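Asker: The domain 'Aldehyde dehydrogenase' annotation in TrEMBL covers 1-355. Summarising the annotation, TrEMBL assigns active site to GLU179. What TrEMBL records for 349-370 is region 'Disordered'.
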Amino acid sequence: MEQHGEELAQLETLEQGKSIAISRAFEVGCTLNWMRYTAGLTTKISGRTLDVSIPFPQGARYQAWTKKEPVGVVAGIVPWNFPLMIGMWKVMPALAAGCSIVIKPSETTPLTLLRVAELATQAGIPDGVFNVVTGSGAGCGAALTAHPQVAKVSFTGSTATGKQIARVAADRLTRVTLELGGKNPAIVLKDADPQWVIEGLMTGSFLNQGQVCAASSRIYIEAPLFDTLVSGFEQAVKSLQVGPGMQETAQINPVVSRAHCDKVAAYLEEARQQKAELISGSAGPDAGGYYIPPTLVVNPDAGLRLSREEVFGPVVNLVRVADGEEALRLANDSDFGLTASVWTRDLTQAPELHRPSAGGNGMGQQPYPD
């Protein structure tokens, strides 16, 4: 893969639309680092021998041991936003544990994983160990999930699909790992460094056009800093260059498909109809394409769909709050619980605001851009 890194990066950008720089750094660079790391697990997966205390018969000594064995065939179902990286997140641990794996990429972005499967065959991985199958989620994905010879399912994707997989797996007691959607809050306290907040959350919110399950899509800002940050975010959004992924200078690129473009646009149209304040950057090249302008929604009504649902696009809510307690209450008023971040000069406040936060991953002073 390292030898074919540029080929894979360009293929990823051409099929998914993301920046070639992101394809090189994340899809190839981070993936190669992950592969090297997980390769080391092959010498570290082992059981344990323990001295145990059993009260009968008196004075007897016992030892117990655990043994880790491959579970069998693993099914990995991969989304379209980072198909190569997320796909290999699933492939490498399975292979390191001695399992064979069947990967199903999204029907929208299958090419990079198919190419990696070709490279794996050329590298000498035996037939049947690393497999890629293509097809729809409703057809191919459902068949994999329900297959009696699949011992574990690893799924990354929407919450709705994750619930369906969990129900099917429960009937067969199949092991399941689910990484689902998010409506991820960032809490900005009044003592935060405005420039650091803007730089960090522009990345955390707009990376890959916001098509990131961990994107910071709602930002709660304490009142004394609110106007300063709205002005700063507006300047930053309007300075973003919009263009195709292969254009090295473009910072915002097309979203993945016409259907997804229409879906994100519908959220924004509903907000306009409800008189929400929208601040938008460039609409993209005149020649067309699946472009959504990077957009800030200022103090949106809590009842709007874009306030409660995962938009999965370059759309970020900026919400004024009185204090950190109100921010925490609003952050937890969500059906999602993937990530959250706190921005402050006093990091001793971050643990307090994360407890009892609904976010599964808590960050201080940084977003979670993957």
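Cβ atoms are placed via backbone N, Cα and C, with glycine included.
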Asker: Report, as a single number, how many Cβ atoms besides its own are within 10 Å of the Cβ of the residue listed as 'active site'.
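Answerer: A 10 Å sphere around the Cβ of the residue listed as 'active site' contains 17 other Cβ atoms.
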Asker: As a test of reading the model: what is the averaged pLDDT for the domain 'Aldehyde dehydrogenase' (1-355)?
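Answerer: Summarising the domain 'Aldehyde dehydrogenase' (1-355) by its mean pLDDT gives 95.
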